[in-house]
Ligand SMILES: Nc1ncnc2c1ncn2[C@@H]1O[C@H](COP(=O)(O)OP(=O)(O)OP(=O)(O)O)[C@@H](O)[C@H]1O
């Protein structure tokens with residue numbers, strides 16, 4: 001055994017002893033929590049309050065148990081040794097021994113762990129050595145040291161291949177892994193930022209935006225308990241992407257994060273996908289104004305009077321009385337359906353007042369009629385009777401007494417519950433559902449013209465749909481907007497929202513997201529060079545300005561950890577076209593030069609399968625993907641590519657990563673939809689090792 005290997009083996013042994021002690025403590029904690037949970041669940045609870053308290057305690061313990069269990073894999077991954085001889089182990093969570101001041105293991109998010117991520121040889125931050133530990137199950141397999149203070153390596157310093165290189169060389173599995181052991185300084189600065197408002201992270205493909213976003217979510221949960229208490233939402237572009245990132249937060253011990261797509265936030269089932277041009281239109285902010293205008297137009301706009309049958313009688317209110325009720329409802333500032341109640345209450349008050357006036361008048365008329373026909377003054381007669389009985393003073397008039405007996409409260413309650421009254425109110429201020437509002441806007445050409453005057457005739461025509469058409473993905477934000485207008489904001493909101501591939505969000509989707517994050521604490525990551533067809537803006541100020549003005553902190557990541565320098569180089573011209581002025585990222589990876597094959601339409605299937613078969617044979621453990629235009633997916637599937645590769649439509653490739661990719665017919669991807677060249681840029685930058693493009697060479701006589 002060489003000197004180096006001997007030292008490494010002895011350091012592995014040293015670390016194994018530490019790590020074993022930490023797992024023993026983890027086991028102990030788990031056993032304690034499990035026992036406590038069993039106790040709590042088995043305890044008796046007599047009152048509803050006690051049952052509630054017991055359930056809350058049980059949930060808290062179950063969560064804690066899950067957090068401890070999830071830390072099992074890679075519990076300890078680092079160690080920092082100070083120049084003063086102190087040392088600290090860094091891991092997925094903190095572990096403390098009752099009788100020791102220093103923790104046995106410090107949580108990676110704690111301040112004490114910061115130097116593990118940020119110390120450099122130029123700024124060693126008091127550290128002499130940073131050590132990475134690679135573990136498998138509970139066994140330490142390797143250690144690797146960096147010396148930061150310029151001191152010479154001693155026998156127990158194992159200075160070898162960097163752990164980042166090792167992490168990046170690891171085979172892809174189709175699921176993203178946490179990068180907690182190797183977060184780089186520029187990433188760590190964003191993850192750990194004390195800024196609690198909106199943080200925006202941009203950067204080219206593979207610069208670690210998703211890594212930063214997810215670790216940031218974990219940091220927020222750890223460091224900002226007030227925000228964490230209100231929940232964290234992570235939004236991704238599609239289910240495939242969410243599946244890809246689904247393991248990262250649980251592996252960081254965070255299980256209470258909600259992962260969703262924008263479509264899932266809408267509470268209606270969205271059955272189909274909208275064509276790109278219509279989706280883009282439906283995503284623009286004039287649609288929000290149109291929906292607000294349409295709802296407003298349903299709020300007693302006419303100056304008409306109001307008539308309702310109460311019992312045998314018709315009661316009529318003047319247009320002034322209706323206008324007063326309307327003004328009170330609008331002034332309440334409530335959303336449509338709640339303001340309708342205010343409107344109705346005011347109308348009912350007016351109806352009750354009219355009825356009361358009518359009753360008094362009727363009684364006075366009766367008194368007058370009796371006096372006219374009999375010469376009897378009923379009031380005077382009543383007064384004489386009362387005097388004879390020993391009462392003095394003026395008796396109330398019969399009509400006034402009747403009016404006093406008039407139970408205004410009961411009448412008002414009756415009228416509020418009266419079907420005729422509600423029906424009459426409905427004609428002036430109808431109860432609305434979000435579906436009815438959106439349908440009303442999109443199914444009538446006249447309504448579209450009234451409420452979307454800024455659109456061209458052709459654009460309005462494209463929005464028009466039959467009343468029974470199924471809801472599309474682009475209708476989701478419209479329905480959400482309408483719900484906000486008629487019933488108010490969503491009940492479920494979050495303390496912090498992370499949006500990945502945030503360049504994809506339309507103005508209407510941003511409104512939907514903002515509604516769910518009243519405190520405006522967010523981490524938004526994306527790259528406008530990778531924007532899809534619905535995106536109508538080109539930078540963050542345009543996207544966020546309408547919602548938060550300029551109040552966001554912008555960071556740019558510059559190093560690609562995925563795409564090799566050789567692959568990135570082939571995309572430079574394309575990048576200059578789709579994002580003029582954007583500096584290409586530099587990569588820390590190097591690999592083979594991308595291969596470019598050509599096939600005729602007839603030989604394409606054979607060329608593709610031949611290439612995939614060859615790659616699978618040469619690199620049997622690698623994760624291989626074939627990316628093609630969406631319209632070609634069915635063809636590729638029937639050519640049997642799934643035997644060797646994941647088949648990914650170009651429209652769904654954003655955010656994903658593979659060891660190797662075969663991109664079929666780049667020209668077709670570039671022209672398939674309005675964002676085609678950006679889709680192609682995404683497709684070409686998914687591989688960590690090898691890229692092969694297969695161009696379909698149409699013979700000149702068939703070329704258009
Ligand atoms: N500090 C790190 N340590 C280990 N791996 C890292 C680190 N940073 C990034 N990576 C890896 O680099 C790859 C790309 O990262 P990520 O997907 O976060 O990039 P991205 O900027 O979101 O890419 P895209 O724009 O294509 O969506 C992933 O495999 C990720 O695990």
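Each position is counted from 1, following the chain as shown.
Quick reminder: no glycine exception, Cβ is built from N, Cα and C everywhere.
What TrEMBL says about a protein is an automatic prediction, not a curated fact.
What TrEMBL lists as ATP binding site is 203, 204, 205, 206, 207, 208, 209, 210. Residues or ranges marked as domain 'UvrD-like helicase ATP-binding' by TrEMBL: 182-564.
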Next item on the list: List those of the binding-site residues 204, 206, 208, 209, 210 whose Cβ lies under 6 Å from any atom of ligand 1, in sequence order, or write none if there are none.
Entry: 206, 208, 209, 210
Margin query: Neighbour count first, Cβ atoms within 10 Å, every protein chain included; then name which of 203, 205 tops the list of binding-site residues.
Written below: 205
Margin query: Taking only same-chain residues 6+ apart in sequence, whose CB is under 8 Å from that of residue 207 (ATP binding site), what do you get?
Written below: 557, 558, 559, 560, 561, 585
Margin query: When DSSP is mapped onto helix/strand/coil, what comes out for residue 210 (ATP binding site)?
Written below: helix
Margin query: Using the Cβ center of 203, 204, 205, 206, 207, 208, 209, 210 as the ATP site position, which other residues in that chain lie within 8 Å, going by their Cβ?
Written below: 527, 557, 560, 561, 562, 585
Notebook entry, point to check: For the binding-site residues listed here, 204, 206, 208, which shows the highest count of neighbouring CB atoms within 10 A?
Noted result: 204
Notebook entry, point to check: Quick one: what's DSSP say for residue 203 (ATP binding site), helix, strand or coil?
Noted result: strand
Checklist line | Listed in sequence order, residues with CB under 8 A of residue 209 (ATP binding site) and six or more positions away | finding: 201, 202, 203, 500, 525, 526, 527, 557
Notebook entry, point to check: What is the Cβ neighbour count of residue 210 (ATP binding site) at a 10 Å cut-off, with all protein chains included?
Noted result: 24
